[in-house]
Every structure is written in structure tokens, then in C-alpha cells.
Amino acid sequence: MVNVFFKQQKFVIKKRFNDFNGFDIEENEVLWFELINPTPNELATLSQEYAIHYNTDHSQRVSSVTKYWEDSSSVTINAFFTNQDENETFHTEMATFILSNNILFTIYYGTLEIFDSIQKKVLASPKKFEDGFDILTKIFEVYFEKGVECLEWINKQTSLLRKNIIFKETSTHDDILVRLSNLQEFNVTLRDSFFDKRRIITALLRSNKVDSDTKNNLNIILTDFSSLVESTTVNLNSLDNIQNLFASQVNVEQNKIIKLFTVATMAMMPPTLIGTIYGMNFKFMPELEWQYGYLFALIVMAISTILPVIYFKKKGWL
């Protein structure tokens, strides 16, 4: 599927095509070609009509993530975007950006929510978009905003997880470990994605194909992404602290269990010793012939069990 955005007077118009059938828009009017899950025919038409080369080998595309290169007529960028899903999971998709003759070509497979937001902004504010570089800059701006939202969500979940551990709420240890691992993975993935955008923007700033106004905007966005990278570092430290807190709590609980069994073992040693003595079956043991010998032995065993427990409590070991 191909979405085409083109200027018409003071407006930006969006049209959808399949395999470019019925495409009759002048090239100088086009701002953006958005190819979503493109077919081989669509890619072939793109290559033939606009001299755009796109690597159809998925494994090579993945290995080219975050790479930037340009030739005399075009700029090609491979970048990955992290998208948070509704059920608090996330996924990462790669997108290819090609800038040629001031037209932006985006090619991606799967779903990326950020492009829905970009479409709305382009259609709502047509005066802000004169060429493909303006749209690419807006994509970085919107991704920055999405990144801020994701980091705020991570920060909120981190705070809730800390309270859950400290106040020992209903979550099991397995649940806490899963939540902690997911937050760490999400944060690291976002961090890598922000680094990715910084490298791309830095490369664009060195290009002579980018005009001065666009470079000024990119400089601001570069600073914004640097601040996001710092925020991910803060989140990583907070999550590491929570992990240490959780490990300490588990150790305390294990120590309590070990202490309980140790006290129980120590408390049972005296009565065990008494029972062992009376179980020696020596021929001359006065208590064996005594009428109350059995009751006496039970009382002594009970007292020898209770006394260590009282002693441990006074020492604060229980």
C-alpha cells in the first residue's frame, strides 16, 4: 500500500494507491511517499520511476539498522522505532527513509503508531511542510514526544514497583521479577533507539543537502534526544536500585526462614537428648521403675523445649 502526500495550492492532500495504479500526480507536487508493507511491484515501480534502490533482503536490512549514507542524488537512512502497545508491551520496527529530489520515501513493514501521528500533523498544518526534509524533521520531533511519554510511564511503573516491594503488596516474587525485567528491557531498547536518532541527526547536520533552517531545527531535536538519553540512564539506575532492594528483601526473608529452622532445631535438641538418655535401656535406671517416670520425662522434655525459646525471645532472635 502506498500513501502519497502532495501539495495542492495551500493544502496537503493524501491519496492511497495500490501498485501505483492510477498515479497521476506531478513529481514537483509530491512531499512524501509512504510505503506500508510494500509489494514487489510497488518497490519495482519505485525503483524504475524515481531511481530509488531498496534492499529487499530482510536480513541485510536488519544488519543495516542505524546506518546512514548518501550519494550525489539521495540520502538513505535505516532506523528503528520502539512502539509501546496498549497492553503495556512494546515492539520494535525498522523503517527506511530515502530523500531524493526533496521527496521523502518511507518504507516499513508492520505497524508504527508514530506515522499515524505524522499524517495528522502534516494534513493539519500544511504550511509547515515544504519538502521531504520538513517531514523527516517532524518525524524526529514526534518520536521525541513519544519517547517522553514512554519514559514517564517507565518512571511511574518504577515508583509503583518500589512501593510494591517495600510495603509487600500482593505481587509474588515471580511477578515482581517479570515486571522489573520488562521495565529494564523497555528502557534499554528506548535508550538504543534514542542513540540511533542522535547518530542519524548528527549525520544529517554534516550533509550539504540539508538547508540551514532544517539544520537549526535538527540541532534543537538533537539536544532533546540527548536529554532523553540522560533520562534513560537515570531510569536504569533507579531500576538497578530496585533490583538491589528486591534482592535484599529476599535475603531478609530467607534469613528469617533459616533463623526459624535454626531456633526450632536448637529448641528440640534438649528434649531429644533427654529422650535419647531414657532410650538407652540400661538395666539400672531408677526412673524406669518409678510410677511417674514417664510423666516426669515428658515434663522435663517440655520444659527443656520452652526454656530455649524464652531465651531466644529475650535476646530478640525471634
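Glycine is no exception: its Cβ is also placed from the backbone N, Cα and C atoms.
What Swiss-Prot records for this protein:
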type: SITE; residues: N255; note: site 'Essential for ion permeation'
type: TRANSMEM; residues: 260-280; note: transmembrane segment
type: TRANSMEM; residues: 292-312; note: transmembrane segment
For the transmembrane segment (260-280), sequence-distant contacts whose Cβ falls under 8 Å of one of its Cβ atoms, 6 or more beyond its ends: 287-288, 297, 300-302, 304-305, 307-309, 312, 317-318
Where N255 (site 'Essential for ion permeation') falls in three-state DSSP terms: helix
